Amino acid sequence: MRIEMKNISKAFNGNPVLKNAQFMIETGEVHALMGENGAGKSTLMKILTGVYKRDGGTITIDGQERTFKNAKEAEEYGIAFIHQELNILPNLTVAENMFLGKELMYGKTGILRTRQMNAIAQQQLAELGLHVKGAMLAGELSVGQQQIIEIAKALMTNASVIIMDEPTAALTDREIETLFTVINKLRKEGVSFVYISHRMEEIFSICDAITILRDGEYVGKRSIPETSFDEVVSMMVGRSIGERYPERNSQIGDVIFEMRNGTKKGKFENVSFQVRKGEILGVAGLMGAGRTDIMKAIFGYEPLDSGQIFINGQEVKIDSPIDAIRQRIAFITEDRKSEGLVLDFSIRENLALPNLESLSKGSVLSNELEQQFTADMMKLLNVKASSGEQAVKSLSGGNQQKVVIAKWLGIHPQLLILDEPTRGVDVGAKKEIYSIMNKLTEEGDAVIMVSSELPEVLGMSDRVLVIHEGKVGGILEKDEASQESIMALATGGE
């Protein structure tokens with residue numbers, strides 16, 4: 001299937017989000033759609049699949065002009081959209097998820113052909129390299145396995161084009177390899193993929209071509225062999241952003257935080273490490289190794305069962321997030337939408353949440369202080385929004401992440417914990433987040449950064465703490481750290 005979108009325009013409430021956008025994909029092609037958050041990538045694909053009606057432009061499929069009334073019609077025609085938030089019902093079986101809305105029945109009796117559906121589901125998944133039983137509950141599978149189920153569902157509707165939005169955001173390295181194997185198998189069979197992602201290494205590994213949007217407009221198309229990381233970044237942001245990771249200039253000082261023999265039953269045991277003033281400590285390890293559990297313990301979200309925590313040399317008890325905040329410890333969680341933000345609240349309301357005491361006069365929240373704090377933080381972090389009253393759910397991923405960071409900067413943290421700080425964030429916003437981390441450490445504060453992106457860990461960390469199966473695999477100085485040395489420790493080697 002060959003799709004061509006020309007001069008596509010779309011506005012919401014008079015605000016243009018797409019202006020003469022273009023996109024073209026060939027049969028059997030894996031085509032990346034890139035741009036900063038808010039560039040219009042998802043909107044363009046929603047227009048293709050009938051979720052939104054375009055204001056102008058044309059869509060041709062195999063030479064014939066087409067318009068879909070809704071996503072179901074697009075799916076029936078062979079175009080499937082797998083969203084970042086997977087459409088899997090955890091309490092249904094694998095087969096029930098795959099046959100949802102198209103169940104096999106005995107005539108008109110309403111009785112399901114459960115055994116037949118289970119067998120077909122197992123066979124379809126086995127062809128994609130996933131060997132699970134159709135009768136298993138989908139909620140028992142990993143996110144990577146659920147993603148393969150989504151692809152299998154699309155293929156059951158005879159999809160010729162599969163759109164994937166941030167497909168690897170929550171996958172382990174092994175699951176990413178499995179996904180790429182499936183994509184490579186299907187592209188040989190003529191299936192095309194639109195691959196929306198910010199992960200440059202993956203795009204250069206799996207894709208054939210890249211189309212770039214900026215501020216809702218078509219910037220250009222490049223074939224992978226003919227372009228470079230720097231050119232793509234420059235096209236996305238409209239300027240050269242210089243070095244990928246900003247230079248570190250902070251002075252490393254005394255120990256600000258220490259954990260000794262920290263243990264949480266079933267999660268991690270005997271974890272000991274230090275963080276110093278002015279330092280960024282990177283934390284690496286495989287998914288499920290216990291990295292996030294350790295951070296939750298530091299923040300008092302899931303307190304230690306045993307072990308000690310010291311702040312500036314003094315032992316402290318952290319049994320709740322309130323205890324952590326009193327010690328000026330801030331935690332920016334990996335799941336900003338469900339744990340970091342109240343999506344229906346405005347930017348102002350989200351920023352106020354951990355800062356109610358400092359924004360109050362007496363015991364009454366001061367509107368004046370709140371408004372000033374919101375304006376200051378939006379300016380400091382370059383949050384792109386119409387005003388502080390805009391609902392955070394309407395912001396791009398990068399701007400949502402900036403709001404999460406901004407609300408915690410209000411407590412003037414001496415230790416800032418960032419868990420996957422740039423997941424789902426575009427290149428320009430990543431650079432701004434890195435600059436915030438550097439600014440904090442230059443002022444003598446400390447940062448712990450948990451990341452699954454090894455180039456990010458290597459580019460930003462002064463030292464790297466590697467966690468393996470709930471234990472400290474090792475701690476690497478900057479000059480010792482490499483992708484190979486980190487992975488060796490993360491997998492139990494030396």
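Placed from the backbone N, Cα and C atoms, the Cβ positions cover glycine too.
Here is what Swiss-Prot says about this protein:
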DOMAIN    3-240  domain 'ABC transporter 1'
BINDING   Gly35, Glu36, Asn37, Gly38, Ala39, Gly40, Lys41, Ser42  ATP binding site
DOMAIN    250-494  domain 'ABC transporter 2'
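Each of the binding-site residues Gly35, Gly38, Gly40 was scored by the other Cβ atoms within 10 Å of its Cβ; the lowest score goes to Gly38.
Residue density at Ala39 (ATP binding site): 25 other Cβ atoms are found within 10 A of its Cβ, drawing on all protein chains shown.
The number of other CB atoms found within 10 A of the CB of Lys41 (ATP binding site), across every protein chain shown, is 26. Using a 10 Å Cβ-Cβ cutoff, Ser42 (ATP binding site) registers 23 neighbours. Look at Lys41 (ATP binding site): DSSP puts it in a helix. Looking just at the domain 'ABC transporter 2' (250-494), the mean pLDDT is 91. The DSSP secondary structure for Gly35 (ATP binding site) is coil. When Cβ atoms from all protein chains are considered, those within 10 Å of Glu36 (ATP binding site) total 24, not counting its own.
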